[in-house]
Amino acid sequence: MLSVYGTELSSRLMLGTAQYPSPAILADAFAKSNAGIATVSLRRESGQDRAGQDFWSLIQSLGVQILPNTAGCHTVKEAVTTAHMAREVFGTKWIKLEVIGEEDTLQPDVFGLVEAARILSEDGFQVFPYTTEDLVVADRLLNAGCEVLMPWGAPIGSGLGLNNTFGLRAMRAHFPDVPLVIDAGLGLPSQAAQAMEMGFDAVLLNTAVAKAGSPADMAHAFALALEAGRAAYLADPMEPRDMAAPSSPVIGKAFLS
Amino acid sequence: MTILINGKATPFDGATLADALNANGYADTVVATAVNGTFVPADARSDFAIKAGDQIEVLAPMQGG
């Protein structure tokens, strides 16, 4: 079982809660996904509508662990302050740390990310950093106190899958004992299966499920893909080769020409 | 005096952050607060003095990825 910061996770799927057509569809998708963690955010609350209060009740009813994010933060100060606010509201030391550096790709500002991770780790947070596959940045994040890393597959919401399999394979090989979660960019279950086959420990996704025609069915499809990919990884896949190799025996073949 | 709550100019005749929340529909809500960009914990709201022009952010759980 996957363990992060001393907590055993019941599932290798972390699922976002944004962009669903309705609260009921969100709840149905979670039920079909078997996700063990729900990501949430903090946004301005109206004293009249109190929309956040109903949403919070819904999330609590899902029976999953809560991973609040710092989505939309562009500076260390914004991210650190948001993390403190999230810790109070959600009652958890976990924080999915996002420090965005570029608007078109929503690429992490890895310099700010490392600094914010250090500040928050020293303050008792358990940081889940949304990062790139850069090995040097990964090392700095671990030195800053992170015990899990969440490299992007592709830009958030793009559905492009694993853009840099070379870099991700290198990251997996370089940090064999660190929980690695593919966060962002997945669009199809096959891409999640690929991540699991490569040895990644879990995936975090949102848009691929929420924006599917049938979110609950897509959530189920991702659950199956994760299971298949993980099983394949544990089964120790064969090494690919450039040239053909006959699978039927050559010895004993009839001479018929 | 006038303060800003979530970016909206709001008249206010109280004294503390707790007063500002109670006067604007946030009593008994699950929210986190910041004043002028600094986090103010829930247990400090009753003692946190508000002055004219202060920018109060009131955040609640919301959908996120």
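The backbone N, Cα and C atoms fix where each Cβ goes, and this holds for glycine too.
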Given that TrEMBL assigns A:Ala184, A:Gly185, A:Asn206, A:Thr207 to the 1-deoxy-D-xylulose 5-phosphate site, pick the one from A:Gly157, A:Gly167, A:Gly229 that the record assigns to that site as well.
A:Gly157
Here are some binding-site residues: A:Gly157, A:Gly185. Which one has the most Cβ atoms within 10 Å of its Cβ?
A:Gly185
Who sits close to A:Asn206 (1-deoxy-D-xylulose 5-phosphate binding site): which same-chain residues at least 6 apart have their Cβ under 8 Å from its Cβ?
A:Leu15, A:Gly16, A:Thr17, A:Ala18, A:Gln19, A:Thr39, A:Gly157
Which of the binding-site residues A:Gly185, A:Asn206, A:Thr207 have a Cβ less than 8 Å from any Cβ in chain B?
A:Asn206, A:Thr207
How many other Cβ atoms sit within 10 Å of the Cβ of A:Lys96 (active site, schiff-base intermediate with DXP)?
27
Let me make sure I understand the span of the 1-deoxy-D-xylulose 5-phosphate site: among A:Gly157, A:Ala184, A:Gly185, A:Asn206, A:Thr207, what is the greatest distance between any two Cα atoms, in Å?
9
When you measure from the Cβ of A:Thr207 (1-deoxy-D-xylulose 5-phosphate binding site), how many other Cβ atoms are you left with inside 10 Å?
19
